[in-house]
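Enquirer: Take a look at the following structure, please.
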């Protein structure tokens, strides 16, 4: 795989710069950390990367080659500088969903991308920012705030890098470049297990917690305190209490066997559910496929209903190639086992749209379509590019409707293609030819597989406890709500301290006085972050003002003409303030009319959900057609697999409307209370005799 990259470098008459992946970012390698991210990234691109001979929608692309010391491979790291003023998406959805809607729009974004292995020798495509198939995609704004967008290790298709190696590299890269804060949306899964729930209960933090990522904000109104309480509630469950609560339930026998096995292995040191999960994860990390735990292997027992056979007949072709024949799977089955954040129904619909595009091309006598062409055609019907990328990634040797979908890489262009074949033809092609049979002389009784015993498959034991204890605890609202709170906590953040190891300069964290920019609203209450400004030790107040102006003008769109007039904490003497102090500045030249003001955009939408959410958290929402307030579909009783109704009225507007209708439909006179009834012997006296009305009410009470 690395050869084409080197050949490309030779053709461009430049010597490639190659850096060790495992050492990258450590101890000043390849660059020393001396300042803010906006300065560090420029040094990095100048000294450690080479400009590619193509661009993405007019944006410059750099490439740095990384060598893996144990896999003997070269890995390309692409860096793309996105100019916000010329971007089709100037606002940052990741900022908005992590509570940074009030951050000023920065002038530049830097994308760090390691593509999937099969695309290492290919140029980045125009839709590279939207793809979810990259091994690594990180985004950092020029102010040092950024996001880890996606990580796909060996579980997700990478042949060279596991998830831990990828995040290790990203963490060192961020530290070397002087990143301020990085967020991540933790959707990591191990097959069907949500790792943020499993690791949260076992270790008290998410899978990303080992790199210092902590709770940032929860979806559906979950707070940091609720998240921490939920982790403590589940982790502190007593194992004995769990056994008692499951009682005589069908699955209690298996659960008790797992408890007993690992308790005996730990010599009785496991008391709580956290102790048990942590112990099992430690065992799992040290277990090898060749050497299982010292327990009975998977039982293979004879079936009493099968006739024994002393000989097994196999075709010659099967003996040689029984593992090489392709396996066709129905895509509905594949989609159901993917564990995707999209509903299965949407995955199947997207697959059907893709197949229709391939059928249209086949009708024109074209032999297949490139991945990009398929994607572009499907986008006419489905706007969610992330969904399309996810489905395309899983479509190979799958049956959709009456056709078989296959993909292949063109050996010349190295471009991925998709083709379809009628199912009948595919079945005929798969049927083996009749060949002479050979006899295997060994006696092979027919056997069936029975369930594993505890300890034979640690992951299977974890899955048993995860499914039953965490997801289906019997009759416990506490466990159910705690589990849901952890699952609804997806956004985590890591903050790097200000680097102050340079004795030759002074650094200050400078923020504009809030009275100059009204960024507060019902959605956001925190002020935008301060910006790191560096000046020499001998700098004067005038020098500091000049440095602040240059920094703000270079970083934020609305501050291109900003002029500093005053620093609240400094008058004339710089010696009164120390390095790393926070400063508040005043001035003029702020473009308050600019659309590129805050990352939340210039729309005046409002979020006010019954779950207490007051800002966009990235979850599915719907707007009331009357009051235009946004609420979560889940909180409104709309399932994720359901389509949005064409007309939606929230419960508050429904209640107001119902109250108005009730007033309209009520009788003209209210039913009298005991205070204003003069004469009333029965209900018939009130409703049946109009002549009594004058005696019943001292005065008329009109409702409208």
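Here the Cβ of each residue, glycine as well, is placed from N, Cα and C on the backbone.
What you see is a predicted model, and the numbers here were worked out from it, not measured in a lab.
For reference, Swiss-Prot lists these features for the protein:
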| type | residues | note |
| --- | --- | --- |
| BINDING | 609, 611, 632, 635 | Zn(2+) 1 binding site |
| BINDING | 624, 627, 650, 653 | Zn(2+) 2 binding site |
| ZN_FING | 606-656 | zinc finger |
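How buried are the listed features, and what sits near them?
Expert: Taken residue by residue with DSSP, residue 609 (Zn(2+) 1 binding site) is part of neither helix nor strand, so it is coil. For residue 609 (Zn(2+) 1 binding site), the number of other Cβ atoms no farther than 10 Å from its own Cβ, over all displayed protein chains, is 20.
Residue 627 (Zn(2+) 2 binding site) counts 14 other C-beta atoms within 10 Å of its own C-beta, drawing on all protein chains shown.
In the predicted model, the zinc finger (606-656) has a mean pLDDT of 90.
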Enquirer: Measuring CA to CA, name the entry from the binding-site residues 627, 650, 653 that ends up nearest residue 611 (Zn(2+) 1 binding site).
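Expert: It is 650, whose Cα lies nearest.
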Enquirer: Of all the binding-site residues given, 624, 635, 650, 653, which has the fewest Cβ neighbours within 10 Å once its own Cβ is left out?
Expert: 653
Enquirer: With every protein chain in view, how many other Cβ atoms are within 10 Å of the Cβ of residue 611 (Zn(2+) 1 binding site)?
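Expert: So the number of other Cβ atoms within 10 Å of residue 611 (Zn(2+) 1 binding site) is 17.
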Enquirer: Where the distance is taken from Cα to Cα, which of the binding-site residues 624, 627, 650, 653 turns out closest to residue 635 (Zn(2+) 1 binding site)?
Expert: 650
Enquirer: Give me the CA-CA distance between residue 653 (Zn(2+) 2 binding site) and residue 632 (Zn(2+) 1 binding site), in Å, as a whole number.
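Expert: Checking the Cα atoms of residue 653 (Zn(2+) 2 binding site) and residue 632 (Zn(2+) 1 binding site) gives a distance of 16 Å.
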Enquirer: At the Cα level, what's the spacing in Å between residue 609 (Zn(2+) 1 binding site) and residue 624 (Zn(2+) 2 binding site), rounded?
Expert: 11
Enquirer: Around residue 632 (Zn(2+) 1 binding site), which residues of its chain at least 6 apart sit with Cβ under 8 Å of its Cβ?
Expert: 220, 609, 611, 613, 619, 620, 621, 622
Enquirer: Apart from 609, 611, 632, 635, which residues in this chain have a Cβ no more than 8 Å from the mean position of the Cβ atoms of those residues at the Zn(2+) 1 site?
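Expert: Apart from 609, 611, 632, 635, the close residues are 220, 221, 610, 612, 613, 619, 631, 634, 636.
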